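Participant: One structure is given below, represented as C-alpha cells, and several questions about it will come after.
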Amino acid sequence: MSMLSVRDLTVKFAMRDQNVTALDNISFDLGEGERLGIVGESGAGKSITGFALMNLLSRPGYIDNGSILFEGEDIVQKSESQMRKIRGDRIAMIFQDPMVTLNPVLTIGQQMIETLMAHRKLSKAEAEQIAIVKLREVYIPSPQERLRQYPHELSGGMRQRIIIAIALLLDPDLIIADEPTTALDVTIQADIMELLLELCQSNKVGLILITHDLGVVSQMAERTLVMYAGRIIESGPTREIINDPQHPYTQGLINALPQQTLPGHKLKQIPGSMPSLTTIPEGCPFSPRCQYATDKCRRIRPEIVKYGPAEVACHEVNRLHETQSEEQSA
Amino acid sequence: MSTLSTNTEISRWSKIWNSNMGYSFRRNPVAIVSLAVFIVIAIMSLLAPLIAPFDPYDPAQIDIMNSEYPPVWVDGSDPQFIFGTDDQGRDLWSTILYGTRLSLMIGLCAVALQAFLGISIGLIAGYVGGRIDSLLMRMADIQLSFSTLMVAIIFLAVTQAMFGSETFNQYAIYFLVAVIGVAEWPQYARTVRATVLAEKKKEYVDSARVLGFGPLRIMVRHILPNSLSPIFVISTVQVANAIISEASLSFLGLGMPPSQPSLGSLISSGFDYIFSGSWWITAIPGVVLVVLVLVINLLGDWMRDILNPKLYKG
Amino acid sequence: MKDMSNSPAILELKNLEKRFELDKGFLETIKLKDKRLVREKREVHAVNNVSLEMERGEALCVVGESGCGKSTVARLVAGLLDPSGGEIHYDGERIDGRSRRELIGLRKKMQMIFQNPYASLNPRMTIQQALEEPVRYHNKDLSNAEIRDKVREVMKSVGVDPSWAARYPHEFSGGQRQRIAIARALTVDPEFIIADEPISALDVSIQAQVLNLMLEAKEERGLTYLFITHDLSVVQHFGTRVVVLYLGSVCELSDTKTLFEAPKHPYTKALLSAVPQLKDDKPNHIRLKGEIPTPINLPVGCPFESRCGFADKRCKLEKPRPLKQPDGSIVACHAVEEDRLDV
C-alpha cells in the first residue's frame with residue numbers, strides 16, 4: 001500500500017462572485033521513500049497542492065472534495081489539533097524562502113529545541129543532542145556554536161540547510177519541499193539538492209518536490225507530475241517524461257528550454273500564456289495554446305488515461321505520437 | 001461618435017463600481033451611510049442661500065425681538081423658526097446652514113493648502129534626498145513639536161492685535177485657512193516622503209530615468225500618481241481635523257466673528273446662554289459639528305482599510 | 001593606448017569601481033573599537049576594477065551569483081549610478097559623471113530593460129500613455145498622428161495587439177508586460193540595450209517567447225546587448241561573449257563557445273557544473289567549500305580563494321590580474337597562469 005494516496009482532490013477559492021477551482025480532481029500516489037516531482041509554471045496549482053497535503057489552506061481556499069490518505073488516515077477529515085501532531089512530526093515542509101521561514105528573533109537552537117519538545121517528551125539536554133546530530137547530518141560546521149546563533153548571522157545556503165535539519169528533526173515519513181532552492185544561487189542550489197537527495201535516500205524519507213525547474217526534477221525525482229491550470233496533465237517516471245514527453249504542453253515546456261536549441265537560433269516557444277483561474281477555458285485548458293487542438297479538445301475536457309508507462313490527459317495523444325514519429329523518421 | 005463616448009463613460013463608471021473599492025463600499029453599510037450623510041450635509045450647506053429661509057448676514061432680516069425662541073418641538077416656540085433663534089434673533093436653522101458652509105469651506109481650503117505645501121515638500125525631500133531631505137524633514141519635526149492650536153492661537157492673537165478687530169474680522173476666513181494650512185503640512189510631507197521613498201526604488205522610476213526624463217516630470221507624472229492612496233486617506237482625516245481646529249479657534253474667539261458665524265463661533269456664542277435655558281443655541285450646531293466630523297472620519301477609516309498598502313495591489 | 005576615434009568598441013569600461021557607503025550619517029561612522037571611539041566608514045565593494053570592451057552587434061552576457069555586482073554594472077552603464085572610480089566610454093565619448101541634459105542624446109541610443117515586469121511599468125499609466133511618453137519627449141516635432149503610428153508599429157513589433165493600448169499594466173500577464181517594457185525601450189529606436197535579468201521573473205514557456213523577441217529585435221534593428229543574467233543556459237543560447245563576475249571582479253571573459261567548451265577559471269567550472277541538466281542522470285558537480293566572503297571586507301588576494309580547491313599561498317596574498325589566454329579568453333587566476341590546474 002502506498003504511503004500517501006490522494007484521490008479526486010479538488011480545492012476551490014471562494015471569490016467575490018463565484019468559487020474558483022484551483023485544483024481539479026487531482027489523484028496520485030506516493031510509495032514509501034519515493035521521490036515525486038511536481039512541475040508547473042506559476043499559477044498551475046503546484047504550491048496549493050503542497051498546502052492542501054498539509055491541510056494548511058486558509059481562507060478563501062478550501063478543500064471542496066476528495067481525500068488525502070496518509071498512512072491510511074484521511075488528512076482532510078482531521079481537526080486542526082490532530083493535524084498539528086502530524087505536521088512537523090510525520091510530514092515536514094520546506095518553503096521557498098529561507099529568510100522568512102526561520103523566526104528572526106529566536107536562535108537556531110531555540111527553534112530546533114522548541115520543535116522537538118513540542119512533539120516528543122524530551123529533556124532540554126536530550127533535545128539539544130538531537131539538534132546537534134541533525135545539524136551534523138546536513139554538514140553544518142561546528143553545530144554547537146550554530147545553536148546559539150540567530151538566522152541573520154548565517155548565509156542563505158546555511159539557513160536552507162538548517163531548515164532541512166529542522167524538517168528532519170522528528171524523522172518524518174514525508175517531506176514536502178516547495179521550491180526549496182529558488183531563492184538560492186546555482187552553486188548553492190546544487191549543494192542543497194544533493195544534500196536533500198542523499199538524506200532522503202539514507203533515511204528512507206518520501207519527498208514531494210514542487211518546482212518550476214525541469215532540470216532539478218530530472219535529477220531528484222523518480223516520478224513526476226506535470227500540472228497545468230490546476231490539473232495533472234501528465235504523470236509518470238521522470239526519465240520517461242523528460243526523454244519522451246507525451247502531452248503537447250510537456251513537450252513545449254521541454255523544447256522551450258534554451259539547451260534544446262542551437263545557440264542563436266529561435267527557441268521553440270509555446271504561444272500565449274497560462275489562463276488565470278477565473279478564465280480557464282472549456283474543454284482542455286491547454287487547447288488555446290496547443291497546435292494540435294481539435295474541436296473535441298475545445299469542447300470536452302480530457303481525462304487522464306494510461307499511455308505507455310505514463311498517464312496523459314490529452315485527446316490527441318495517439319495521433320500526436322504517430323505524426324511525431326513520422327516526422328522523426330522522415 | 002457620441003454613443004461611443006457614452007459607452008466609455010458607462011464602462012468607466014462600471015469599472016469603478018466593480019473595482020475592489022466599489023465592491024467594499026457596497027458591502028460596508030457604515031461607509032454608505034457616512035457618505036450619504038456627508039453628501040446631504042455638503043449639498044445643503046452649499047445650497048444654503050437657496051434653502052435657508054433667512055439670510056443671517058442681512059441685518060435687515062434680524063429682529064432682536066425674536067431672540068431666543070426655542071426649537072419648534074419645545075413649548076413657546078415660533079413655527080417660523082424650526083430650530084429656534086439665537087440671542088440676536090437670527091434663525092438658527094439658516095445660521096447653521098451658512099455656518100456649516102463656512103466650516104466646510106475653511107476645512108477644505110486649509111487642507112488644500114496643507115496638501116499643496118506638504119506634497120511639494122514631501123516629493124522634493126523624498127526624491128532628491130540627501131541634505132535637502134534632512135533639512136526639510138527637520139523643519140517638519142520642528143513644526144510638529146508645536147501644537148497646531150498653540151501656533152494658531154499665537155498667530156491669530158498677534159494678527160488680531162496688529163490689524164484691529166475690524167480688519168481681522170473682515171479677513172478672518174483667510175487668516176484661518178492660512179494658519180491651519182501652514183500648521184499641519186508636515187503630516188502630508190511625511191506621508192508623501194515615505195511613499196516616495198518606496199516608489200522611488202521601483203523599476204518604473206529607473207526606466208523613466210533611463211529614458212532621460214527630468215526630475216520634475218518623474219516626480220509629477222510618475223511618482224505622484226502612485227502615491228495618491230495614502231494622500232487620500234490623510235486628506236479625509238485632515239479635513240475633519242481642520243474643521244475641528246477652526247471650530248476650536250472660533251470658540252476661543254479667534255476665528256470667525258459672530259456676525260458671520262461658523263459652527264464654532266455659533267457654539268461659542270450660545271455658550272453664554274446655556275445655563276439660562278437656551279441650550280439649543282449651543283447644542284444643535286454642536287450636534288451638526290459632531291456628525292460632520294464623525295462621518296468624515298468614518299469615511300477616512302474605511303478608505304484606510306481598503307487602500308492599506310499591504311492589501312493594495314498596484 | 002588605442003586611438004579613440006578608431007576604436008570599434010561601442011562601449012568601453014575602464015577600471016570601473018563602485019563602492020556603496022554603508023554608514024551614511026556622521027553618527028553611524030563612529031564605532032567603539034578596543035575601548036576607543038574611532039571613526040570608520042564601511043563600504044560595500046560592489047564592482048572592483050572591471051575593464052571590458054564591447055563591439056557593435058554583439059551580445060555580451062554578464063553572469064554571476066547574487067551579490068556579484070552584475071546588476072551594479074548594468075546600472076553604472078545606464079547612468080543610474082555614478083561610478084566611484086574608472087571610466088565609461090560610449091562610442092568613444094565619456095559618459096560617466098555627466099549631467100542629465102548632456103546625456104539626453106545618449107538616451108535615444110541606449111535603453112534598459114528591467115527584471116521585474118510588474119514594477120517596471122507605471123501602474124497608473126495606460127499602455128498608450130506609457131509608450132507615447134518617450135516618443136513625444138525625444139521627438140518634440142512629431143505630430144500626434146505620427147506618434148500614434150510609431151506606438152502602433154512598436155506594439156506590433158513586440159507582438160502586443162495595438163487595440164489593447166487603452167488598458168493598464170495590471171490587466172496584462174507577466175510575459176505581456178515584459179513585451180510592453182521592451183516596446184517602451186524600443187520606442188526611441190536605440191542601438192544599445194542593457195537587459196538586467198529580463199526573463200528571470202517569468203515562467204519557462206514565457207521566457208522562450210521573450211528571448212525570441214529579443215533575438216528578433218537584435219536581428220531586425222542591429223541591436224547590441226549587455227545582458228545580465230544568472231542563468232547559464234540562457235547565456236549559452238543568447239550571448240556571443242560572456243563575462244563571469246565573482247564579488248565584483250572579473251573571473252573570466254571569453255567567447256560563449258570557448259567558455260562552455262573549455263572553462264578555465266575554477267569558479268566558472270563550478271558554476272557550469274552546477275547547472276541542472278535534463279538528460280544527465282548523474283550530475284558531476286563540483287562542490288564548493290567554504291563561505292562567500294562579504295563584499296564589505298574584501299580579501300586582499302583572489303576573491304574566490306576561500307572557496308577554491310586550487311588556492312595556495314599566492315592566491316591568499318595577491319590579487320590575480322586578468323591575463324589573455326592562447327584561445328583569446330581572459331582569465332584572472334594564479335592557478336591558470338601557473339598551469340597548476342589538473343584538467
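Note that Cβ sites are derived from N, Cα and C of the backbone, with glycine treated the same way.
Residues annotated as domain 'ABC transmembrane type-1' in TrEMBL: B:100-300. The transmembrane segment annotation in TrEMBL covers B:30-52, B:102-130, B:142-162, B:168-185, B:231-257, B:277-300.
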Participant: Mind checking which residues of the chain, 6+ beyond the ends of the transmembrane segment (B:231-257), have their Cβ under 8 Å from one of its Cβ atoms?
Facilitator: 102-104, 106-108, 110-111, 114-115, 119, 148-149, 152-153, 156-157, 160, 165, 169, 172-173, 176, 180, 183-184, 187-188, 191-192, 263-265, 267-268, 271, 289, 292-293, 296-297, 299-300, 303-304, 307
Participant: Six or more residues out from either end of the transmembrane segment (B:102-130), which same-chain residues have a Cβ under 8 Å from its Cβ atoms?
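Facilitator: Sequence-remote neighbours of the transmembrane segment (B:102-130) are 41-42, 45, 136-137, 140, 173, 176-178, 180-182, 184-197, 200, 215, 218-220, 223-224, 231, 235, 238-240, 242-243, 245-247, 256, 260-264, 289, 292.
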Participant: Looking only at residues six or more beyond either end of the transmembrane segment (B:168-185), which have a C-beta under 8 A from one in the stretch?
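Facilitator: For the transmembrane segment (B:168-185), the nonlocal Cβ contacts are 102, 105-106, 109-114, 117-118, 121, 140, 143, 146, 148, 151-152, 155-156, 159-160, 238, 241-242, 245-246, 249, 255-257, 259-260.
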Participant: Should anything in the same chain at least six residues away from the transmembrane segment (B:30-52) have a Cβ under 8 Å from its Cβ atoms, list it; otherwise answer none.
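Facilitator: Sequence-remote neighbours of the transmembrane segment (B:30-52) are 24, 91, 93-94, 97-98, 100-101, 104, 288, 291-292, 294-296, 298-299, 302.
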